[in-house]
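Below: the structure, in structure tokens.
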Amino acid sequence: MRIFATEVQTINSFVRLESFKEVYGLIWEFLPIFSLVLGILTGVLVLVWLEREISARIQQRIGPEYAGALGILQALADGIKLLFKENLRPSIGNTTLFSIGPSIAVISILLSYSVIPFSNHLVLADFNIGIFLWIAISSIAPIGLLMSGYGSNNKYSFLGGLRAAAQSISYEIPLTLCLLSISLLSNSLSTVDIVEAQSKYGFWGWNLWRQPIGFIIFLISSLAECERLPFDLPEAEEELVAGYQTEYSGIKFGLFYVASYLNLLISSLFVTVLYLGGWNISIPYISILELFERDQIFGTTIGIFITLAKTYLFLFISITTRWTLPRLRIDQLLNFGWKFLLPISLGNLLLTTSFQVFSL
């Protein structure tokens, strides 16, 4: 009996060990996702603080200064405040659409970060159709905004949702045509391959110089997709109170707030990856690949720093544009997208295609 009890204890110990290995393996698989989400949220907090500080300097006033050193925790304090606020719902309206609209907007944007290469071999999912996957996923966000506007049973909210859908459709087509031009130059739809294709010729190999027209169109279309001034028609305060956000409060209003900055950050990252060489540094005789081969941790850290530095440079341009240009009318916005950006982006694609065909 003692031998039998010993065998049972041995078997149980092996079962526990196997269970521990399975749990450890599961945690290890989800660790990159958790790290990416944590890094994204940290980047959003820094972005909110930067926008408030830069806006304060432009307006010659004092920005946030009480929540943490230099007010850097102000966004976190605002999030905690919204978390404990009452979550109101419209008495007459579609509560299902009203509830799931903000979640759809946030989740669709978060999934787009999976194809961003922050450094060499540091990408969550390197798909062969990475940039098209971003376009497909980001197209879901306006549906959430339209659902929120319709479910609120409010004329201002519904008009804001309609404007968001119309604006997204109008400016997503020129943006997609610019992506096609980039993919033709790089012979790939993978974000990693696009960055590596720009690294062959150093600073002058960036797509910023090879596709200057496409860069300007992509820049404008990205601001329109993010609903930033002068393209914030879906939530124009003077016309629609707060647009599709009018009836929201508490954490659901906070989700829209987070989704706006997540969208701005992902657009800036794609500008860096597609046009500014990604993680590559333009200093002669210094290559991130060589640094990575010598020391993987150091090379990866330098690559992340370069990517984020370029990203926040574009974010600075977006923030200053907010306080520089006046808002367009809805008819001006749609005419600008359909009658100006679309023909130019199509012509740019045809020129790029002709160049690639004749260079073969």
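A Cβ is built for glycine as well, from the same backbone N, Cα and C atoms used for every other residue.
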Stated Swiss-Prot location of transmembrane segment, expressed as one of 59-79, 248-268: 248-268
Stretch in 30-50, 203-223, 297-317, 340-360 most in contact with the transmembrane segment (248-268), if contact is a CB pair under 8 A: 30-50
Residue numbers, six or more beyond the limits of the transmembrane segment (127-147), whose CB comes under 8 Å of its CB atoms: 97-98, 100-105, 108-109, 111-112, 115, 160-162, 164-165, 168-169, 172, 175-176, 179, 182-183, 188-192, 194, 225, 234, 244, 259, 263, 266, 270, 274
The transmembrane segment (30-50) in contact with the transmembrane segment (203-223), cutoff 8 A, at least 3 CB pairs, sep 6+: no
Interface-richest range of 98-118, 165-185, 203-223 toward the transmembrane segment (340-360), CB pairs under 8 Å: 165-185
